[in-house]
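J.: My questions will all concern the structure given below.
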Amino acid sequence: MASHIVGYPRMGPKRELKFALESFWDGKSTAEDLKKVSADLRSSIWKQMADAGIKYIPSNTFSYYDQVLDTTAMLGAVPPRYGWTGGEIEFDVYFSMARGNASVPAMEMTKWFDTNYHFIVPELGPEVNFSYASHKAVLEYKEAKALGVDTVPVLVGPVSYLLLSKQAKGVDKSFDLLSLLPKILPIYKEVVAELKEAGASWIQFDEPLLVMDLESHKLQAFSAAYADLESTLSGLNVVVETYFADVTAEAYKTLISLKGVTGYGFDLVRGTKTLDLVKAEFPSGKYLFAGVVDGRNIWANDLAASLATLEALEGVVGKDKLVVSTSCSFLHTAVDLINETKLDDEIKSWLAFAAQKVLEVNALAKALSGQKDEAFFSANAAALASRKSSPRVTNEAVQKAATALKGSDHRRATTVSSRLDAQQKKLNLPILPTTTIGSFPQTVELRRVRREYKAKKISEEEYVKAIKEEISKVVKLQEELDIDVLVHGEPERNDMVEYFGEQLSGFAFSANGWVQSYGSRCVKPPIIYGDVSRPNPMTVFWSSMAQSMTARPMKGMLTGPVTILNWSFVRNDQPRHETCYQIALAIKNEVEDLEKAGINVIQIDEAALREGLPLRKSEHDFYLKWAVHSFRITNVGVQDTTQIHTHMCYSNFNDIIHSIIDMDADVITIENSRSDEKLLSVFREGVKYGAGIGPGVYDIHSPRIPPTEELADRIRKMLAVLESNVLWVNPDCGLKTRKYGEVNPALSNMVAAAKQLRQELASAK
């Protein structure tokens, strides 16, 4: 019985690729050094899979930055601003597209479906001259072959590539990107022909767009593309891989009738309805790549349940045509549990990172072919049983409190406009009040203090003294700049989710559970393994200390429940919304303690609320309902005079604006500076938003210092669609990643712009 892996993490078990990339970018190592580290990583991954008994091992899933960017390079679709003049695309052009350079900005980066990975968006139009400009797929196939490993080269499919693209600057938004299919297919044919010549017998096209809600003309593009490729693909086995959700009945019909295709890959972890489609109709003689091992989480597979699913499928597709596979690439999970020496043994026994998941895939394939490893299956069953019965997982008080939430929608008793009046009487803020989003620059010295405290190299007393000095510096700076509502700067926090997770029960943390977010940037999601509660106050000590240093309002700073959920590895033994409600109750306790401590402005960040939106429109309402409800739970009990802020980190709100209004926050600040018009257009079209709103006036992701007049002009544009009594003036995000040399003048200009507009408004009366 055959086994298959859709894709594997690239960073290496100890983030070797990250450090090699950053060393190369900083000019501390050569291109050859980077290539050597990368070749060693690829070789160890291929050998690991071969040794584990995997039959269909992927190649070309490694990337120096991103697989969609690799496809852009393969097709020679380099935007003109990068000055590429043809020939094989090398690191200089490749990394300029990914990261920008001294003279030109990077290409846009956006989220890969509903994961926390980001891809580089192709910029296309009728003028693009496509040409075969990166032979990476063929070179990596040959590289593996030279090591004695026959692999399945993986390409981003042609239709998904075009549907993931955007119209280049200056190209009309009505331009149909799919009209470029006839221009890119000849290059795909060249790549396929070279792979065939190099000895490839299988090839994998990733077409994840098939899980989206697609109009019929888009589905027809798949049929047309593969019909065109059919003669080139003859003599090869071809698998078309989908992942992250169910395929619709229409997409399934399209997929199983594609010309030249031998097998189909499905996510059977998130795609439970797809299973019914397969059982109802599957083309005879074709292969089913059954994605039963979860590529997006870190829990051990329920091998007995997966085996039962696979045995049922055997009857449908035939024993020799069923391939045990993964739900998606392992890019979205951590690399190897072997490096977790500090994780609690019991919790560790419940987990499987990518390296362990490879073994699970192989164990299932062997069991199907009558060679079941009884010891492996028994150990798995014992781990699952221990997880189910462990007292660490279940907290009855939490379960009871969460159950009691049902039946109420947890709204504050009064309207937002009457609350804002009460808050204004208490806070006495000027018109167009200024604030920042929360974090201030994290200096090398500050990181050292935190690291030494964690390693017990300095005492708690020394740590508190150092953090107190930092808070005092940040408060003083904001007073000198004349900012109206202050923040403490978050010097005690390394990460906005980890900081809270470390103080909540039900969370565990890995040492090396890194997952690629984009380029060399990795994140280490907390693991939510059990019921969540708050044993002690988490932020009250620091917020109270900061408030005692100033007469101005000091914001309490919390991360919201939906963001904590969406940026964690979440337990899979209960629905996500139940876990979210538990986190909401823990945050509610904190909000109430901050209020008691005299904090009158409390910000509950929901940076990732939109990120959790399901891929299919039919599932949006249910998600938004519980996500928004979770937010309201956190602050339902506070007084009218306590002002609740929230912050959101993305530009495309238009489709969820009514849910944002339904959150019932008093003030919302938004990461908006890069897409001004997009957001303001919602309000221009007459959506009445009665609460305070602070669309970011400048982009903190850039070191550029915006001049006062530019900021004043931006505020004027906002005042054209928003009432002056609800508009706040703030940067678009936290300042953690910037330097003080950039932050001070930028904030100074921001305050000056707000004061200028106050004068203009006063003289216009």
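Heads up, the Cβ atoms here are built off N, Cα and C, so glycines get one too.
Residues annotated as 5-methyltetrahydropteroyltri-L-glutamate binding site in Swiss-Prot, with similarity to another entry given as evidence: Lys18, Asn116, Asp495, Tyr518, Arg521, Cys522, Trp567. Annotated L-homocysteine binding site per Swiss-Prot: Ile437, Gly438, Ser439, Glu490, Asp605, in sequence order, evidence recorded as similarity to another entry. Swiss-Prot lists Ile437, Gly438, Ser439, Glu490, Asp605 with the feature L-methionine binding site, giving similarity to another entry as the kind of evidence. Swiss-Prot lists His647, Cys649, Glu671, Cys733 with the feature Zn(2+) 1 binding site. Taken from Swiss-Prot, the feature Zn(2+) 2 binding site applies to His658, Asp662, supported by similarity to another entry. The feature active site, proton donor is assigned by Swiss-Prot to His701, with similarity to another entry given as support.
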J.: According to DSSP, which of helix, strand or coil covers Asp605 (L-homocysteine binding site)?
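T.: Assignment for Asp605 (L-homocysteine binding site) reads strand.
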J.: Please compare the binding-site residues Asn116, Ser439 by how many other CB atoms fall within 10 Å of each one's CB, and tell me which has the fewest.
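T.: If we count Cβ atoms within 10 Å for the binding-site residues Asn116, Ser439, the smallest count is at Asn116.
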J.: Counting only residues 6+ away in sequence within the same chain, which have a CB under 8 Å from the CB of Asp662 (Zn(2+) 2 binding site)?
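T.: Asp662 (Zn(2+) 2 binding site) has long-range Cβ partners Val628.
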J.: Of the recorded positions Lys18, Tyr518, Cys522, His701, which sits closest to Glu490 (L-homocysteine binding site) by Cα distance?
T.: His701
J.: Rounded to whole angstrom, what's the largest C-alpha distance between any two of Lys18, Asn116, Asp495, Tyr518, Arg521, Cys522, Trp567, listed as binding 5-methyltetrahydropteroyltri-L-glutamate?
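T.: Taking every pair among Lys18, Asn116, Asp495, Tyr518, Arg521, Cys522, Trp567, the longest Cα gap is 20 Å.
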J.: I'd like to confirm something. Which of the binding-site residues, Ile437, Asp605, Cys649, His658, Cys733, has a Cα closest to the Cα of Tyr518 (5-methyltetrahydropteroyltri-L-glutamate binding site)?
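T.: It is Cys649, whose Cα lies nearest.
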J.: Which of Lys18, His647, His658, His701 has the fewest nearby Cβ atoms, counting only those within 10 Å, among these recorded positions?
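T.: Lowest Cβ count within 10 Å among the recorded positions (Lys18, His647, His658, His701) is His658.
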J.: Nearest to Asn116 (5-methyltetrahydropteroyltri-L-glutamate binding site) in three-dimensional space, by Cα, is which of the binding-site residues Ile437, His647, Cys649?
T.: Cys649
J.: List only the single closest residue to Gly438 (L-homocysteine binding site), chosen from the binding-site residues Arg521, His647, Glu671 by CA-CA distance.
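T.: Looking at Cα distances from Gly438 (L-homocysteine binding site), the smallest one goes to His647.
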J.: Tell me which residues of the chain lie with their Cβ under 8 angstroms from that of Arg521 (5-methyltetrahydropteroyltri-L-glutamate binding site), as long as they are six or more apart in sequence?
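T.: Arg521 (5-methyltetrahydropteroyltri-L-glutamate binding site) has long-range Cβ partners Lys18.
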J.: Using DSSP with the three-state reduction, classify His701 (active site, proton donor) as helix, strand or coil.
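T.: Once the DSSP labels are grouped into three classes, His701 (active site, proton donor) ends up as coil.
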J.: Just name the most isolated of the binding-site residues Ile437, Cys522, Cys649, Cys733, going by other Cβ atoms within 10 Å of its Cβ.
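T.: Each of the binding-site residues Ile437, Cys522, Cys649, Cys733 was scored by Cβ atoms within 10 Å; lowest is Cys522.
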J.: With DSSP assignments reduced to helix, strand and coil, which class does Cys522 (5-methyltetrahydropteroyltri-L-glutamate binding site) get?
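T.: It is in a strand.
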J.: When DSSP is mapped onto helix/strand/coil, what comes out for His647 (Zn(2+) 1 binding site)?
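T.: DSSP assigns His647 (Zn(2+) 1 binding site) to strand.
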J.: Look up Asp662 (Zn(2+) 2 binding site) in the DSSP assignment and reduce it to helix, strand or coil.
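T.: It is helical.
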J.: Could you state the CA-to-CA distance between Trp567 (5-methyltetrahydropteroyltri-L-glutamate binding site) and His701 (active site, proton donor) to the nearest Å?
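T.: Distance (Cα to Cα, whole Å): 20 Å.
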